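K.L.:
Supplied in structure tokens, the structure appears directly below.
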Amino acid sequence: MIVEGPVLKYGDKIDTDIIIPARHLKYTDPAYLAQHAMEPIDPEFYKKASKGVIIVAGKVFGMGSSREQAAIALKAAGVKVVIAESFARIFYRNCINNGLPLITLPNATKEINEGDIVKVNVETGEVQVNGRTLKGKGISGMALDILKSGGIMEYLKKVSA
Amino acid sequence: MTGTLTEKILSRASGKTVSPGDVIEAKTDIVAFHDLTGYHVIEVMEKANMVKVFDKSKIVVAFDHLAPPPDVRSAEIQGNIRKFVKDVRLPNFHDINVGILHELLIEKYALPGQVIVAADSHTTTSGAVGAFAQGMGASDVAAAVITGKTWLVVPQPFKVQLKGSPGKWINGKDVALELLGKFKADYFNGMSIEVHVDNPKAFPTDYRATVSNMGIEMNADALMFVPDSETKDYIKTMRGVEAELMTPDQGARYTDEYTIELNKLEPLVAAPYSVDNVKTAREESKVPVDQVYIGSCTNGRISDFRMAAEILKGKKVKARCIAIPSSYEMFKQAMELGYIETLVNAGCIVTYGTCGPCLGGHFGVAGPGEVIVSTSSRNFRGRMGSNEAKVYLSGPSVAAASAATGYITDPRDLQ
């Protein structure tokens, strides 16, 4: 699974209240959530992401709440993959369950710049940028099976069929 | 082989001997959700055409985030869940008058050695009684509701030892903030923290719940107190049940460990905008405060109200103060012990059974430029309302002392 696109870059500890503020959690409609993704720190995010982007960020991206709307909002806004130095556990699972791939890449924020065009192999974790190949950690094992099925519920149907 | 508490719980739950790093399927003893996540859980089940429940007696539902409903959509969400609860005939349903989910789980349901998953990140709170408890998103919880199982990566175990007894104004919050200040918010990613208490009575379950609650702020997979005589007494008092204790084996191996001398802790705060931006209350003592919030699943229990009442007795608050016990039980006890009366006489607004201001929901949303001292769990930008509000996290003693003076205040400095 290969994904390509331009980079939007953020720092460490991008929390779920940044990704989708609590006042929007009474809704699950992807189109609505997309318009409010990253609102507190980047009100233009929705416009920037709409053509398809790759987020690069620092440590514990997605820390905080269990709100699945965080994964839904980013994907619906146009994010194709998130590359971060580390991820919060709940957010990671929510992304897998909503078909948003993730790459863990130490030093991602040092190696990759805003606007770079990045090519990512979701399974091997290889990230190509500026003529170089960086080795990150992709998605494997049960998480990959769930991602490929289209989420845990689809996976359940498949394994119980 | 000798196992940590994490390994022993997850081995029992998966039916095989597990080690850190293993991907396992674990049986869930309790699966829970509240109003704000519950409608999403039900939506996922309905969309997949899989509306069934693995064991009705093991599902717990509580209304807390939107309780009482602040708007029509919230009332609609609660109405939809009430209908689901009735249709599926779930016996463990707690409407808006009972309390916050995580508090109810430790008061009424959680037991040592259990695996608990719920659609809220602060599910880690049940670690207070020695349960392996994780928050998850709506899809994962929907799957657990249907199958009674979930998949997990077995975390690396980290040991925290609590020695001695805390000073008068020290609470579980100061232990949580000490760990966050020392290790920062990303250190425990992929780890479970097992806390061993040398002197069980010196660190009661109230305090333990605050530390476990903030395990998620440390980004730990779980934060569990090794169950002991205090755990047994708490469960016996709250439920009349004799709990069996699951404990780590002698000589269990931990990735690393850290000791906290409780008598050396000072009242701490987390300054905006990060839970690990930890300072002593004295360092921030010149900061004027607009509003104080004492409550939430982090610090809305009886010991929190005791500390607040001791500080505010005979005083009038100089900053707006909202106090919300975390459950009906806590409210009732605080009322019987006179704490509610003391707080009301000091000029606090008191209600119960809601998450309210913690997530900028209602009953005290922060305005632009305001400074809030809150006993809740998060001070992320925008968390309690305006992006331009500044939230300091503290324990109840610093919060009450700050309400009394109108400035961030170390309770030891009160005249």
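For all residues, glycine too, the Cβ spot is worked out from N, Cα and C.
Here the structure is a predicted model, which means the values were calculated and not measured.
These came from TrEMBL, pasted as-is:
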BINDING   B:CYS297, B:CYS355, B:CYS358  [4Fe-4S] cluster binding site
K.L.:
Among all protein chains shown, how many Cβ atoms are found within 10 Å of the Cβ of B:CYS297 ([4Fe-4S] cluster binding site), not counting that one?
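P.N.:
Neighbour count, Cβ to Cβ under the 10 Å cut-off: 28.
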K.L.:
Enumerate the residues of the same chain, B:CYS297, B:CYS355, B:CYS358 excluded, that satisfy the criterion Cβ within 8 A of the mean position of the Cβ atoms of the recorded [4Fe-4S] cluster site; list them in sequence order.
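P.N.:
My list of surrounding residues reads B:ASP64, B:HIS65, B:ILE100, B:HIS122, B:GLY295, B:SER296, B:THR298, B:GLY300, B:SER326, B:THR354, B:GLY356, B:LEU359, B:SER376, B:SER377.
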K.L.:
If one looks at the chain holding B:CYS358 ([4Fe-4S] cluster binding site), which residues at least 6 apart in sequence have a CB under 8 angstroms from its CB?
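P.N.:
Expected: B:TYR293, B:GLY295, B:SER296, B:CYS297, B:THR298, B:SER374, B:SER376, B:SER377, B:ARG378, B:ARG383, B:MET384.
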K.L.:
Under a criterion of Cβ-Cβ distance under 8 Å and sequence separation of at least 6, what residues of the same chain contact B:CYS355 ([4Fe-4S] cluster binding site)?
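P.N.:
Sequence-distant Cβ neighbours: B:ASP64, B:HIS65, B:ALA67, B:ILE100, B:SER296, B:CYS297, B:GLY361.
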